[in-house]
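Just below is one structure, and these are the notes that go with it.
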Amino acid sequence: MNARALLCSSNIHSLYTSNRPPEKTSSSRSLRNLKPSPKSLRVWIYPRNRSSVFRVLVRSSDKSESSNSYYVEGDKVSGNNDVVSDSPSSIVLPWWEEFPKRWVIVLLCFSAFLLCNMDRVNMSIAILPMSAEYGWNPATVGLIQSSFFWGYLLTQIAGGIWADTVGGKRVLGFGVIWWSIATILTPVAAKLGLPYLLVVRAFMGVGEGVAMPAMNNILSKWVPVQERSRSLALVYSGMYLGSVTGLAFSPFLIHQFGWPSVFYSFGSLGTVWLTLWLTKAESSPLEDPTLLPEERKLIADNCASKEPVKSIPWRLILSKPPVWALISCHFCHNWGTFILLTWMPTYYHQVLKFNLMESGLLSVFPWMTMAISANAGGWIADTLVSRGFSVTNVRKIMQTIGFLGPAFFLTQLKHIDSPTMAVLCMACSQGTDAFSQSGLYSNHQDIAPRYSGVLLGLSNTAGVLAGVLGTAATGHILQHGSWDDVFTISVGLYLVGTVIWNLFSTGEKIID
């Protein structure tokens, strides 16, 4: 039953407005001869999948209304009596039925990104005992760490096209289950030999590569513009909390059960998420039969038109300077971010002389700071937009913080000898970096909402190239140079990105 509500009344004329066929029996004709009843009876039935709200309203002669409402789930019925208004909207649904569906989608995307980084950073910790067991040198470690990005690079644009044409639900679901299987297979591949491990890590990148374009496609359809920064900040904070969770639990699991346990336990969580995703999510509000009319109207009034994409206007997209600003700044941003993501535990272990457990636990703080800062930045950005600041200025302010903050704090690492201050500097660097979620990471939906998946695929391809080159280059730099050289390159790219972003970016829609 697709109708949201069914209205029945003892007034025969109202039957013709309730989607019921006219009654032609003799019993119905006899109803017209009945004297008006002093009480009017109305019934609303609200079907919600396997549950319903059933309410009977009775109006007395003094025009007050009493009611008895029932919540039905399976064979269980519960009810209550009260006095209500003359509107179906006064029906009180259980809290889990009233929770905005768009935020259910956001939370599911958040949890997917939580798993994404849990499965990605576990290698950053496990690589330490694995290197000792298999005798890998820093160059080999850099090769293993960068192999993830080989597959990740392949599916950025393809994932965006796929999401924009067939819907983000299928694409994100595919990505999560694919990378979860690859995670589980990692210990087996490592035992078989280095080539097998490189292939499995690349396969894992294939799955994670479609996640960001698919998520961007889904949220561009579900989230109103005034909630865009907050929703994206929450989803991306899932990545940071995934790093926190992975870095915190990996040392414990390795210590108790050995390094393979990290991959088996983290990878198995993907099946739990997939079950919830398939039952609760839809690619678009138009495909969701359980969406309440009020929320459907809110989304329709405040989201860009999302007609099905049949072809991608590549020439138009690539002719726009703000698109190239987005692509180049994504490269500048991700160089430093991915180096810290993959090499931070090694930095703590080699430079700051922390043991395995300490390296994992202390690596948590920068990512925890990012999770907090990303959500704070999202709230600040949406507040500024609601108070009349242009989207362009808000995006430039937030991304400038996201570039200059990390540049400043990474520069300070050269002058710090205290391990405590080094960890604090790293946390501040990552915390200011998180303001980028309300800058360049929100900009795809600003400038090309219909093609946001493809556009994110384009810019993130540049970001992944930065990850591949930066992660592999760091291994070679450390064989012949120092960590100061690694950080200097990152700072230089942050400064270049700041200039490009403030000269060429915009928050206005430039592609319909």
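Even glycines carry a Cβ here, placed using N, Cα and C.
According to Swiss-Prot, the feature transit peptide maps to 1-59, an assignment based on sequence analysis.
Under 8 Å from some Cβ of the transmembrane segment (103-123) lie the Cβ atoms of residues 144-145, 148, 172, 176, 179-180, 183, 186, 201, 204, 208, 211, 215, 218-219, 222-223, 231, 234-243, 245-247, 250, 262-263, 266-267, 269-270, 273, 276-277, 280-282, 341-342, all in the same chain and six or more residues away from its ends. Annotation source Swiss-Prot lists transmembrane segment at 103-123 (among others).
Remote same-chain partners of the transmembrane segment (141-161), defined as residues 6 or more beyond its termini with a Cβ less than 8 Å from a stretch Cβ, comprise 120, 123-124, 127, 131, 171, 175, 194, 197-198, 201-214, 216-217, 312, 338, 342-343, 346, 453-458, 460-461, 464-465, 467-468, 471-476. Marked as transmembrane segment by Swiss-Prot: 141-161 (among others).
Positions annotated as transmembrane segment by Swiss-Prot: 171-191 (among others).
Outside the transmembrane segment (192-212), and at least 6 residues removed from its termini, the chain residues within Cβ reach (under 8 Å) are 112-113, 116, 119-120, 123, 134, 140, 143-144, 147-156, 158-159, 162-163, 171-172, 174-180, 182-183, 185-186, 456-457, 460, 464. Per Swiss-Prot, the feature transmembrane segment maps to 192-212 (among others); the stated evidence is sequence analysis.
Per Swiss-Prot, the feature transmembrane segment maps to 234-254 (among others); the stated evidence is sequence analysis.
Here Swiss-Prot flags 257-277 (among others) as transmembrane segment, drawing on sequence analysis.
For 323-343 (among others), the entry in Swiss-Prot reads transmembrane segment.
Swiss-Prot lists 361-381 (among others) with the feature transmembrane segment. Note on the transmembrane segment (361-381): residues 124-125, 229-234, 236-237, 240-241, 243-244, 247-248, 251, 340, 344-345, 348, 354, 394-395, 398, 401, 423, 426-435, 437-438, 442 of its chain, located 6 or more positions outside it, place their CB under 8 angstroms from a CB of the stretch.
Marked as transmembrane segment by Swiss-Prot: 401-421 (among others).
The feature transmembrane segment is assigned by Swiss-Prot to 453-473 (among others), with sequence analysis given as support. Sequence-distant contacts of the transmembrane segment (453-473) (same chain, six or more residues past either end, CB-CB distance under 8 Å): 142-143, 145-146, 149-150, 152-153, 156-161, 163-164, 168, 209, 212-214, 216-217, 220, 312, 317, 323, 326-328, 330-336, 338-339, 342-343, 440, 444, 447, 489-490, 493.
Marked as transmembrane segment by Swiss-Prot on the basis of sequence analysis: 486-506 (among others). Counting residues 6+ beyond its ends, the transmembrane segment (486-506) has Cβ neighbours under 8 Å at 321-322, 324-326, 328-329, 331-333, 335-336, 339, 343, 392, 395-396, 399-400, 403-404, 406-407, 410-411, 413-414, 439-440, 443, 446-447, 466, 470, 473-474, 477-478 in the same chain.
Below 8 angstroms of C-beta separation, residues 120-121, 123-124, 145, 149, 243, 317, 366, 399, 402-403, 406, 410, 426, 429-430, 433, 436, 440, 443-444, 447-448, 455, 458-467, 469-471, 474, 486, 489-491, 493-494, 496-497, 500-501, 503-505 of the same chain, each at least six residues beyond the ends of the transmembrane segment (323-343), sit close to that stretch.
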